[in-house]
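*Asks:* Below are the features listed in TrEMBL for this protein:
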{"type": "DNA_BIND", "residues": "170-269", "note": "DNA-binding region"}
{"type": "COMPBIAS", "residues": "11-24", "note": "compositional bias 'Basic and acidic residues'"}
{"type": "DOMAIN", "residues": "44-159", "note": "domain 'Response regulatory'"}
{"type": "DOMAIN", "residues": "170-269", "note": "domain 'OmpR/PhoB-type'"}
{"type": "MOD_RES", "residues": "D93", "note": "4-aspartylphosphate"}
{"type": "REGION", "residues": "1-25", "note": "region 'Disordered'"}
Amino acid sequence: MVAGGSNNDAPVRDPDHNDERSEPAFRIAMPDPKRGKAIQMAIRIASVEDNQAQSDLIREILVSSGYECECFSNGDAFVKALRDRTFDLLLLDWQLPDISGIQLVSWVRQTVGPALPVLFLTNRSLEDDVVRGLAAGADDYVVKPVRRAELVARVGALLRRAAPRTSESLERIRVGPYAVDPVGRVLTLNGSQVELSPREFDLGLYLFRNVGKLVPRELIEQAVWGRSIGPDSRTLATHISKLRLKLDLNQKNGVRLVSVYSHGYRLETTQEDGEAS
């Protein structure tokens, strides 16, 4: 469902708005492979909007609702940010200084993958524009002016659909013929256990936890080694190469590990029946 509105870019304040800072509205439970328990991660939202007043309003709404929000004034700045960090949701305008919102959504779907929820927040209210935005890969479409309660509700709905449930954070992961047991620290292929070093298992677990997502190199290093190794080191590349071979990640098994130049890696399925559960 698409919200209607005028083409006025001026921020519109919600008369029912309470300026008190709320507690975080939504957090994702992620596994800690070292301790075997779930840890809470704050939700990080990227907003790509070149109008400063609109950008400030969007950030204020999201932060006051308990989310972390990083704002970008153009598409290139957002793309560069993805080299060393990830986001749980993307809000973007249609008209940007360097690229159209349609082009940016298409790039996100081709490069980052299908897992990142995308919400268009734009002045364009024609039905054809809504259809184009959704067809390009957006998950939702909201027409300005920004309405506080509606924006928070739509963001929350997208995050609930995209995030793993807390009760599932330590359950077995299944992707095609692969199964990962984070508690027993066992990874199997077609029912047979694959012999992995502790570091290789942690790397595999992290990638399978983020199947379909583009994960920056630095985030992988922090998750697996607990620190940034640095761009000149071959440690991560060596472990990635070993994992590809040991897990036989290829078209035959329906799962592959893709290197995305200057950004990181993405574990993705290559056939319709390769689904995570």
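Note that Cβ sites are derived from N, Cα and C of the backbone, with glycine treated the same way.
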*Asks:* Would you count the other CB atoms within 10 A of the CB of D93 (4-aspartylphosphate), including those on all shown protein chains?
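*Replies:* There are 24 of them.
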*Asks:* Check the DSSP secondary structure of the residue listed as '4-aspartylphosphate', expressed as helix, strand or coil.
*Replies:* coil
